[in-house]
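Asker: Encoded as C-alpha cells, here's the structure I'll be asking about.
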C-alpha cells in the first residue's frame, strides 16, 4: 500500500528531535493530507478546463479549417480509435513503471500538442497527428486516478476518490459551460476559444510539474515496507507461502517459483474469479456497451453538424449539451449508489431494458431532423450509461483485490477498445464501408438492439434456471450495492452463523486447493477472518 509522504521521508530525516513527540505528528500529517487533497483536486479541475473541446468538430468544418464532413468522418476521426488501441497497454505499463508523475507530464504535453495542431495544422495529416496526441491524453487518464491512491493511506481511499472524481466532473462541467458562454454570449470565435484552451492547458502542465512523485506504485515499484510504514498491498496478502506470515511479499527472491510471480498470481486469481457469474456479466457489459457508447460519443458532434449545419457559431450549443450530459451523468451515477436491487436475479433484465432504451435514443438521433431532439436524446443516452457504470464497478470490484481490480478493468477496457476499433474500421473508415454519419448511427442502433435481445434472453434463461433450482434449495439473497466494508461484514456474519455451507455454487468460488494456493474471493475472506 502507498504511504503518506511524511511516513516515507521519516527514516532519512536529519533531525532526531522530530521523531519523538506523538502530538505534532498527527497534526502535521493531517495538514499535509489536507494540502495534498486540495492540490490534487485543483490540478484535476484545471486539467479539465478545455472550453474549446466541445467545439472541435464544428471548428474543423468551419471556414477557418475548411475540412469536409467526409474527411472528418472517414479519415480523421477513425485515427483516434486506432491510436488509442496502440498506446493503451504501453501507457498502462509506463504509468506504473515510471510512478505516475512522468505520465501526467506527458499527458499535459500531449494536450498542448493537440491544440497547437488544431490552431496551426492545415492538412488531413496534421489532424491525424492531432488525433494521435489526443489518444495519448486519453490513455494517460489512468495516471491521475492511480496516482491519488499511491499517496494516501488505504483508510483515505474512499474519501480521496470522491474528492478527485468530483473535481474532475466539476472541471468538465465548468469547462463546457464556459465554452458555451464564450461562444453564445461573448461571440468568441472557435479559434479564440482554442487559444484560451491552450492557455489553461499550459497552466495545468505547470501544476503537474509540482506534483509529488510517489515512492511506490501498484506493480513494478513494490519495496518491502519497513517497520512502522504503511502496510503491504492486498496482493502481498494473497496466498502467503508456507512459513511466511500474511502480508509478506511472495516474490522477493527468484526461489519463490513461478507461482509467486506477480503476474502469474494475478492471472491465477483472475481465472478463479471468472467463475462468478456477476463478474462475467458486468465485464461483458463493460466491453460491449462501452464500445458502443464511445462510438456514439466520438461521432455525435459530426451528426449534430449534419442535422444543423449552421454557419452562425453563436447557435452551436455543443458546450451546453456536454455540460447537461455531464451533470445528468453525475446525478444518475450518484443515484445508482442508493438503488437496492437483487442484482444476481435482475441484473440481466435491467441491463437489457437500459440497453433497449439506449437503442431507441440512437434511432431517434439517426432519424430526427430536429437538433434539439438530437441534443436531448444524447443527454439521456449518456445519462443511462453513467447510471450503470458505478453499479458495474462495484459488482466487479466487490470480491476482488485492489490489484486484481486494476487488471480486470484494464482488460475490459482494452477489449472494448479492440471491439470499437474493429467496428470503426468496418463502418467508418474509408478503407471499409466509409458510411455517412447518419448511416453509421443506424448501424449502432442495430448493435444496441442485438445487445438488448441478448440480455433479455439471458434474463429469461437465468430466471427459469433460478426457479428450477428453487425447488431444491432456497434462493440466496443477491448481492446489493453496498460498501466493501458492509459486504465483508456480511460475509463474516454469514460465516459465523454457519450459513456459508448453504450458499449456491454460483455465489462463491470454490476452487481446488493446492497447498497455499486456495483461490476465490470468499475463501480468501475466510482466511483473513481466521488470521
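Even glycines carry a Cβ here, placed using N, Cα and C.
Given the structure is predicted, the values throughout are model-derived calculations rather than measurements.
Feature annotation from TrEMBL assigns compositional bias 'Pro residues' to 13-25. Taken from TrEMBL, the feature region 'Disordered' applies to 1-27, 509-531. The annotation transmembrane segment is assigned in TrEMBL to 76-95, 102-120, 132-155, 167-186, 192-211, 284-304, 316-338, 345-364, 370-394, 406-427, 447-468.
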Asker: Does the transmembrane segment (102-120) come near the transmembrane segment (192-211), with 3+ Cβ pairs under 8 Å (pairs 6 or more apart)?
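Answerer: Output yes: the transmembrane segment (102-120) sits against the transmembrane segment (192-211).
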Asker: Under a criterion of three or more Cβ pairs within a distance under 8 Å and sequence separation of at least 6, are the transmembrane segment (370-394) and the transmembrane segment (167-186) in contact?
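Answerer: Contact between the transmembrane segment (167-186) and the transmembrane segment (370-394): absent, because fewer than 3 Cβ pairs are under 8 Å.
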Asker: May I ask which of the stretches 76-95, 167-186, 192-211, 316-338, 447-468 has the most CB pairs under 8 A with the transmembrane segment (345-364)?
Answerer: 447-468
Asker: Under a criterion of three or more Cβ pairs within a distance under 8 Å and sequence separation of at least 6, are the transmembrane segment (284-304) and the transmembrane segment (167-186) in contact?
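Answerer: The transmembrane segment (167-186) and the transmembrane segment (284-304): touching, no.
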Asker: Where, among 76-95, 167-186, 192-211, 316-338, do we find the most CB pairs under 8 A to the transmembrane segment (406-427)?
Answerer: 76-95
Asker: Using a Cβ cut-off of under 8 Å, list the residues of the same chain at least 6 residues beyond the transmembrane segment (76-95) that approach it.
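Answerer: Residues 60, 67, 102-103, 124, 127-128, 131-132, 134-136, 138-140, 142-143, 146, 217, 298-299, 302, 410, 413-414, 417-418, 420-421, 424-425, 428-429 contact the transmembrane segment (76-95) from elsewhere in the chain.
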Asker: Other than its close neighbours in sequence, what residues sit by the transmembrane segment (167-186), given a CB gap under 8 Å and a spacing of at least six beyond its ends?
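Answerer: Here the qualifying positions are 40-42, 44-55, 144, 192-193, 196, 313-320, 322-323, 326-327, 330.
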